[in-house]
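Features of the protein shown, as given by TrEMBL:
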| type | residues | note |
| --- | --- | --- |
| BINDING | G21, K22, G23, G24, V25, G26, K27, S28 | ATP binding site |
| BINDING | C195, C198 | [4Fe-4S] cluster binding site |
Amino acid sequence: MDTSERGSLDQVKHVVLVLSGKGGVGKSTITTELALAFRHSGRKVGILDVDLCGPSIPRMLRVGKPEVHQCDAGWVPVYADPQQQLALMSIGFLMEDPDEAVVWRGPKKSALIGQFVSDVAWGELDVLLVDTPPGTSDEHLSVLENLRKHKVDGAVLVTTPQAVSTGDVRREITFCKKTDVKILGIVENMSGFVCPHCSECSNIFSKGGGEELAKLTGSVFLGSVPLDPLLTASLEEGRDFLQAFPESSTYTAISDIAKTLLSNLES
């Protein structure tokens with residue numbers, strides 16, 4: 001068995017890229033919460049974190065920096081739960097110093113991403129979410145080139161409501177069309193602010209930019225997620241927000257987005 005076949009995605013039913021036109025829009029937050037929502041619905045989920053400059057998902061899932069082991073099939077993913085329903089592989093696991101900047105040229109980044117796609121022994125998964133760097137760079141092309149031999153269902157695009165963010169997502173939409181990646185939908189993150197005292201949602205950043213962009217581009221609008229201090233604290237502490245706050249409106253928003261996406265994938 002050659003290296004390209006080891007740890008292949010043959011037993012992964014659905015592969016979804018999570019993209020954003022710019023940094024700071026909460027792409028890793030959406031990736032993490034979608035994975036948790038899928039897990040709570042009984043699915044076996046994986047996250048491939050290839051954001052070289054900001055691998056934040058290990059912290060969000062509170063898995064720390066474990067040693068990455070190898071088996072005959074390749075690298076063994078790290079499980080974020082005792083039931084082994086949520087698997088994770090992150091660039092962050094391979095960095096000796098988490099505070100050190102990744103100053104690499106394109107070919108070195110592309111080679112590592114190629115290894116990550118082909119050499120992780122995911123086993124059986126219902127959904128693999130690929131958390132990518134922001135923008136449309138060499139890393140994105142490397143991910144796509146290495147996933148070509150596998151079925152990629154499409155991409156979820158994450159934006160914030162402001163025009164500067166939705167403008168960047170327009171370029172991401174163009175990237176998807178040029179590379180033949182199906183757009184599974186747009187998520188508007190930080191859509192309003194949930195008051196921690198009265199739970200009222202105020203539109204401090206404006207609202208509706210993501211939905212408007214979806215209409216203009218003929219894309220599916222998956223839904224809006226507000227800026228919620230409870231969600232932020234949960235991510236900082238590595239807690240499962242969906243398990244801790246099932247009565248919140250943010251829980252409903254994330255759950256509805258996950259249900260819609262899962263339904264579209266499995267239909």
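The backbone N, Cα and C atoms fix where each Cβ goes, glycine too.
By the criterion of other Cβ atoms within 10 Å of the residue's own Cβ, the least surrounded of the binding-site residues G21, G23, G24, G26 is G24. Across the structure, C198 ([4Fe-4S] cluster binding site) and G23 (ATP binding site) place their CA atoms 30 angstrom apart. On the backbone, the CA of G26 (ATP binding site) and the CA of C195 ([4Fe-4S] cluster binding site) stand 19 Å apart. Looking at V25, C195, C198, the binding-site residues in this record, the fewest other C-beta atoms within 10 angstroms of the C-beta turn up around C198. Other Cβ atoms within 10 Å of the Cβ of K22 (ATP binding site) number 18 in total over all chains. A separation of roughly 23 Å, to the nearest angstrom, links the Cα atoms of S28 (ATP binding site) and C195 ([4Fe-4S] cluster binding site). The separation of G23 (ATP binding site) from C195 ([4Fe-4S] cluster binding site), Cα to Cα, is 25 Å.
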